[in-house]
């Protein structure tokens, strides 16, 4: 069984981040290397990547990056920590309309697959107070409703308010994923009780024994996998590390080489490790079947046009989607 027999979709990659341009904390260490990063991902069995947009400007950049390859897609939306941009723009309604027209333009190009990253983040209130976060999280359900797109959601230390807003807007919500999940088993149960809501798991979801216990309780039928790179890598000190089987040669950023991953910078090929840790903590040896279910979940929400009756056979394991 070669690595390439397992197909994966990384639903969260921050390709607009400076680290993929070789810039760390404002200082240039090496050349931009997105092409090498993506080539490693495709070789590892990743066949699609969703590039995250977290502001109007970043969503524009995410769209232009996604236009460079048929396997790249993106989101359009405003991250909770950046929701002040609606008011700082001087005209919140005009800002909203700019997001809507960008989303529509990206949909026509076949590239924008979700509204987001939006939600609530009460760990980082210094960037944006809760009242503004709540107001513009709610507002972005209008984007989802107007475009009929699913939502790519962020929930950090805010489960009660987050679930209340989703509940209130569930008629405008056709489905989505709460990504980079680090909540409790109760949070998880509440989320998956929403129709067509999935849980996105990455390295940050797999740090502690408590995290692993929660992840092991998430039904595979309700799960997606992601890296959230360049953040959220699985570190040697993390509880999940003992289940990792696939590794890549790495070099420090100061000694950058195109065919090595950069130490301390996560990237989409490493979504394979997330899959391995999920399987490990669930005690699943049939990683291929599990990966097919997760792939199918992801297509159901973000790539529904691919799921004709033939693709339904994915679930029973009779076929694997051809590479796009």
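Each residue, glycine too, has its Cβ placed from N, Cα and C.
TrEMBL annotations: computationally assigned, not manually curated.
What TrEMBL says about this one:
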- 117, 228: divalent metal cation 1 binding site (BINDING)
- 154, 179: divalent metal cation 2 binding site (BINDING)
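Features per TrEMBL, on structure.
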{"residue": "117", "record": "divalent metal cation 1 binding site", "CB count, 10 Å": "30"}
{"residue": "154", "record": "divalent metal cation 2 binding site", "CB count, 10 Å": "26"}
{"residue": "179", "record": "divalent metal cation 2 binding site", "CB count, 10 Å": "28"}
{"residue": "228", "record": "divalent metal cation 1 binding site", "CB count, 10 Å": "25"}
Pairwise CA distance, residue 154 (divalent metal cation 2 binding site) versus residue 228 (divalent metal cation 1 binding site), rounded so that it is a whole Å:
11
Any idea what the Cα distance is from residue 228 (divalent metal cation 1 binding site) over to residue 179 (divalent metal cation 2 binding site), rounded to a whole Å?
9
Whole-number answer please: how many Å between the C-alpha atoms of residue 179 (divalent metal cation 2 binding site) and residue 117 (divalent metal cation 1 binding site)?
9
